[in-house]
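Quick look at what TrEMBL lists:
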BINDING   A:Cys224, A:Cys226, A:His248, A:Cys251  Zn(2+) 1 binding site
BINDING   A:Cys237, A:Cys242, A:Cys264, A:Cys267  Zn(2+) 2 binding site
COMPBIAS  A:154-166  compositional bias 'Basic and acidic residues'
REGION    A:143-186  region 'Disordered'
SITE      A:Tyr223  site 'Histone H3K4me3 binding'
SITE      A:Met234  site 'Histone H3K4me3 binding'
SITE      A:Asp238  site 'Histone H3K4me3 binding'
SITE      A:Trp246  site 'Histone H3K4me3 binding'
Amino acid sequence: MVVEPPRLVTVSYQPRDSEMLHVKKMAAGMYLEHYLDSIENLPFELQRNFTLMRDLDTRTEDLKGQIDSLAREYTSNVHTISPEQKLALLRRIQQSYGRCKEFGDDNVQLAMQTYGMVDKHIRRLDTDLARFEADLKEKKIESTDYDSTSSKGNKSELRGPKEKKVARTRLKAKSDDDCSPKSGRKKVKLTQTPEFTAPTVNFGSVHPSDVLDMPVDPNEPTYCLCHQVSYGEMIGCDNTDCSIEWFHFACVGLTTKPRGKWYCPRCTQERKKK
Amino acid sequence: MRRLRRRGCSAGEVGLEMGRGRGRGRGRVSSVRPRPPSPYRLQLSPSRETLTYAQAQKMVEVDLDGRLHRINITDPLPVITEDEMMAQDIVECNSNKENSEQTQSRARPGRKPPNPKGRRRESKTSSHLSRRSGGQQHTQSQTDPSQHPSHQSPLPEPTFRVLDSLCPSAAPPLPASYYRFIEKSGEEQDCEAEYDMDEEDLAWLEMVNQKRVSDGHASVSPDTFELLIDRLERESILESRSQALSQSAIDEDAFCCVCLDDECLNSNVILFCDICNLAVHQECYGVPYIPEGQWLCRCCLQSPSRPVDCVLCPNRGGAFKQTSDGRWAHVVCAIWIPEVCFANTVFLEPVEGVNNIPPARWKLTCHLCKQKGWGASIQCHKANCYRAFHVTCAQKAGLFMKIDPVRETGVNGTTFSVKKTAFCENHSPVGLRRDGSGDVEGRLVGGRGNRGQRSYTQSPLALPSKKTPKGQKKKKGQTTRRSAVPVLLVPQIPSHRLNKICTGVAVQRKNQFMQRLHNYWLLKRQSRNGMPLIRRLHSHLQAHKTAEQREPDEKLSAAREELRYWQKLRQDLERARLLVELIRKRERLKREQMKLQQAALELKLTPALILLRSTLDQLQEKDTAQIFSQPVNLAEVPDYLEFISKPMDLSSMRAKLEAHAYCSIADLEGDFNLMVSNCLRYNSKETAFHRAALHLREVGGAVLRHAHRQAQSIGLDPSTGMHLPDFPNMHGFYQCTWEDVDSLLDPDNRLHLSTEEQLKALLEKLDMVASMRSSGGRTKRIRLLRREINTIGHKQQRSQSLNGKEEEVEEEGEEEKGEKGNVENGPLTSASTPGTDDSPPTLEPSCPVSSPLPGDAPPEPPLLGLVTTGRRSPGRSYKRQRSSRSGGNGRSDDDAEVGETPTPCKQEAASQEVSPLETPSPPINACPLVGVGRRTSVLFKKAKNGARLAKNKAAQLQNRRTTEGKTNGLDRTPTIPKPPSVTALSNPAPPPTPSSPSSHHLRSRGSNSDSEADKPLHLVKEDGLTNGLGKHKEDSSDPPSNDQKHSAPLLPKRSRGKPALAKVPERQNGGSGMSILLPFESQTELTPLDLVWAKCRGYPSYPAMVVDPDMPQEGLLHNGIPIPVPPGDVLKLGERRQKATGERHYLVLFFDTKRTWQWLPRDKLLPMGMDDTVDKLRLMEGKKPSVRKSVHTAYDRAMIHLNHVMNHAKGNLSFNPSNFI
């Protein structure tokens, strides 16, 4: 059973320089500039993590090759070797597998950490953006009545986009603490859209849906029993080994966040069995 | 002048004319005029809707380059050369300013060109006019010249002279490329002043400059003046645009203000005036074609600055048209007032017939606005209702007004004729009175009060002092402007804007000058009815509105840009997050995959190990008490090794397993058996360990068998513990059918097999059947298989005991007994244990107990072996000899049959018809079969027992007899022991009397007998008390007719082990002796708690229950159902009566409402519930209906009681299987 080493996707994220300069010239808000500084490191960090993961993967593959050869040795010699030898062989296989598992765990850990990193940036950007938009709104109010009258006119234009607002809000601010699953995961993930959209609603011709209505990524991870992308409120199964992890409230028949530990239907069954 | 203008006007522009004069110049015949030099036929029409119907009939419209041209059909079309075309085009370029041009020219008729600019203007105007006159030529060729006394053409006569000196110089050569017109961009246009001064401006400027000069300031140049005016214009345009924008925000729910409908069809759209935002349907306002570019309502087009008042009503706002005499009227008013009509029904203008309105109509008082003499009103269409109202007032009030348009095609083309109905609020059709939303057909204008209200305001003229119009004006955006002072139409320019405007201009005393200029500008605008001074801006207003957002505020756009950038960044980050999330999921999956891979490899390399491991796990699970999980602690039991040479336990088995010491299931099984046998050997039978070991052996066996089968089907190589190279052919274990099972169940089919083999086969089948889907056949067969297995196990044990292992067997039997005793009830245990056996505390010392001692046991087993082996054994013949009665034969056959193929009894169980003979046999006969399944067998029997409770009713008699026989056989006449404990009662346990003999037998006979003894005990369980009672009765009263007695006493003399057998013939006797036909046969004994038909003298048989007179005084429970306690006097009575008659009497409790008691001899009692027909007979016995009814109710009661009892018995049942499994 030879498994292809999973391809590693390296994300290189580099904000366009021209834009960045442009934005800097604007000096719209100090916080945004700080943000740019902070995000500068992100690509490198991602790179580092992914290289690490790649390393681990290659090592895992090596081990798998060893295991295969050991297994072959075992099968070919099984009639001749003594039980002790057999035992030793099997033990070696087992040990190799143990190391493989360790690598796997490390990889998962790394992925979680990376996720947390990106997520952290996104959260920060969101709050900054919200502030920025609030500022903009203020500015607009300050500006002359000529502007205000024209913005009045804009309001009617905004009517169209309003429908779009109903569009699915897909961003979720989930698993911010996935990187530290052991230290009490947060149970309920809210999509962060409310905070995010609110300020944008009234702003000029930039529709809030522009951000949220990104083209649906066909590769977007799916969750829940329904195998859909995440939306709305999600709840995480408290079983760390749960294969699904996140569930839509509606799919598991929840309306509010339950108290205490919550296990998904599958894990509940499993636990009952035990 | 006006007239002149009118004449000079083309007919097509009549509608455009602001003039108050008659607009009906068409149709007049005018003198033929010379054709203008450039006779372009294509006449540009400023807007489409200006044609009357008659004109439209004569026109051909051509749409060229987005412009509409009309050609009169009567005109010949001349050939026009290209040069001419160009000349026309030039003219048209300048003819953009139709509407206002006229006013302008009217206002300044005798204008002289004061400066070059003015001249330019002049030439424009003149060319324009010339065009006009040209147009007039063909459209109004018939105009009467007499009507227009003044000269027709203001055109200057061309005067020219030929310059001889001038020789035309050669024109500079044209460049090779074309000239291209590049429209100036907005910024460029903004930079230069578009405004051209006119003489008014010059005059004003002159005056101002004079003043300034006199004040010692520098004069203002005309250029500066033009620039400033231009700026002012721009500002006003922007201002008005923003106003218009704010107005157009409600477009969605706009409604036509003529019909108050918001329906919008493709053919009949709602148009909005670009200035006042008036909303009208095309049809309602007479706009057959939607013009390109802007559309203005008549009001805005012709009276842009002055609000118009309707001649027909006091309300303002809404859709107006001009009347033929130049006044204004609402379209609705014109529609509704009968005398008024439209001259052109397509364009719905002008309004005609205002003069035809009779004075009476003018005098009507509108009951809505209460105004008299203002406008013309209509009246309610209801006959005899004279309420009058203005049309617009009615709309405002939401009265019912309905128009059914009727299109009539006449000679003149399509015309509208309409059927109009309007009602006052008192007469509006029901259901539409206040909610007019239900208008499906036609134009129903009822109940749209709010809409109507929004559309109109009262004209200020109409209410001079009544109300302040401002209150109303506030609400209505569009009318605010209109009804207010005309100045408002000229947008106010905020002062800060003014300041901004003049920043770039260097003028001394700027503020003062700006103020003046502004005022001048305002006045000028007003004088021109608010028309903008720069036409370009005005005409582009519409385009500006849609295309260009607004002058982009730099800061804002930059901010927006920035925001967009951040949003982009956000999107990128989001994408990155998604990617990482996917990676995370992938890593998790990889980890899972790794684990699976490991498991797979393990399975591949060491399949045997896995199987063994899972088997061991299962075994460990079975060891619920964890007795075997750890090695025996030698510190606790130091002598363990003396008995056990090879200790074994599950943990060491596991250790061996992990060390690959086991190669096959057989190895594991060996150790398992070793472990169990160790336990069995070391621990005495009474201990829990011993029992646990037995249990484990049983369940573990199943597990191991299963594992064996699995190993076989998988095809494991025992030497390597790996899969065999070839896939083993399926053994078809799971394919066997009921037939296989049934055939195996037949003992003849497995005669060739040894007992062990038989056992094995049966166990396999059992496993197989158990693994099948549950069904009726399955449970039945499982039961049969178990029974069979038990039989065989029994046989095995017997043979073992025959081989001299009696000791052990007996021990086991004892052990089982104890176990069973625990399960069953206390007294039994105590009676059965060897120690207490001799003198059970319950036995009366007076009764000589000759219970067999343990020591007596050894001789017994062979006997028992004879019994069970039944057919072939001498015991059988012996039995036959014993059974003096007929049926013994059948009985023994029956016995054997039932034992081996107990299907018949199943059937009996199923069928309700129970012959007394057969019913008792299954339980009793089945008993001996059970030898192996200790606990289970016991429970199993119990279950069966319970299931057959109904049968047992019948069986009770026999059972009782059996036990009685035993008792007799033992020469035991025990008095009833002290009342059993409540628990014993609730689970009606056999009193010691019957149990003790059986227990003796048990012990003496070893394992074999014990199971046999169990059965009767359990079966009799229910009637245990009865037995006791019966015995007691018998003993005490010495029942006279008891033929069993004769045979029974013999039995014990022969052998003590016999009684159990002896019972059989007796039972049969009883069974055969009793028949339905002989209901009162005294032979059938009745046991307490039996239900009977009791026959009292003078009364039909009545349902009753036999009650033990000696029952405990504290009451007793029959399967959980409380049984009433007989009162003392009743008991005394019974004693007396029995003494008197010398006959045994039964105490019965009637099922009447009072639950009365009675003592009755046996012949007055007939068992109830045995046979439906008997019961029915009894039910019919009563002669009076009332009596019959009472018997019926009592019978029902009895049945209910029976049901209760049965259900409780079943309740016991239901919990038993759980133990059993």
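Residue numbering: from 1, along the chain as shown.
Note that Cβ sites are derived from N, Cα and C of the backbone, with glycine treated the same way.
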(request) Filter the recorded positions A:Tyr223, A:Cys224, A:Cys226, A:Met234, A:Asp238, A:Trp246 down to the ones within 10 angstroms of A:Cys264 (Zn(2+) 2 binding site), Cα to Cα, kept in sequence order. (result) A:Cys224, A:Asp238, A:Trp246
(message) Comparing the recorded sites A:Tyr223, A:Trp246, which residue's C-beta has the most other C-beta atoms within 10 angstroms in this structure?
(response) A:Tyr223
(request) Name the one residue among A:Cys224, A:Cys226, A:Met234, A:Cys251 whose Cα is closest in three-dimensional space to that of A:Cys267 (Zn(2+) 2 binding site); these are the recorded positions. (result) A:Cys224
(request) Could you tally the C-beta atoms, other than its own, that fall within 10 angstroms of the C-beta of A:Cys237 (Zn(2+) 2 binding site)? (result) 23
(request) Return the member of A:Cys224, A:Cys226, A:Cys242, A:His248, A:Cys251 nearest to A:Met234 (site 'Histone H3K4me3 binding') in space, with distance defined Cα to Cα and candidates limited to these binding-site residues. (result) A:His248
(message) Please identify which of A:Met234, A:Cys242, A:Cys251, A:Cys267 has the densest Cβ environment, defined as other Cβ atoms within 10 Å, among these recorded positions.
(response) A:Met234
(message) Taking only same-chain residues 6+ apart in sequence, whose CB is under 8 Å from that of A:His248 (Zn(2+) 1 binding site), what do you get?
(response) A:Tyr223, A:Cys224, A:Cys226, A:Gln228, A:Ser230, A:Tyr231, A:Gly232, A:Glu233, A:Met234
(request) Fewest other Cβ atoms within 10 Å: which of the binding-site residues A:Cys224, A:Cys226, A:Cys264 wins that one? Let me know. (result) A:Cys226
(request) Would you kindly give the Cα-Cα distance separating A:Cys251 (Zn(2+) 1 binding site) and A:Asp238 (site 'Histone H3K4me3 binding'), rounded to the nearest Å? (result) 16
(request) Calculate the distance in Å between the alpha carbons (Cα) of A:Cys242 (Zn(2+) 2 binding site) and A:Cys251 (Zn(2+) 1 binding site), and round it to a whole number. (result) 16
(request) Note the Cβ centroid of A:Cys237, A:Cys242, A:Cys264, A:Cys267, the recorded Zn(2+) 2 site, then list each other residue of that chain whose Cβ lies within 8 Å of it, in sequence. (result) A:Asp238, A:Asn239, A:Ser243, A:Ile244, A:Glu245, A:Phe247, A:Tyr263, A:Pro265, A:Arg266, A:Thr268
(request) Specify the secondary structure state of A:Cys264 (Zn(2+) 2 binding site) as given by DSSP, simplified to three classes. (result) coil
(message) Helix, strand or coil for A:Cys224 (Zn(2+) 1 binding site)? Use DSSP.
(response) coil
(request) Could you measure between A:Cys237 (Zn(2+) 2 binding site) and A:Trp246 (site 'Histone H3K4me3 binding') for me? Cα positions, answer in whole angstrom. (result) 6
(message) When DSSP is mapped onto helix/strand/coil, what comes out for A:Cys251 (Zn(2+) 1 binding site)?
(response) helix
(message) Which secondary structure state does DSSP assign to A:Asp238 (site 'Histone H3K4me3 binding'), in the simple three-class scheme?
(response) coil
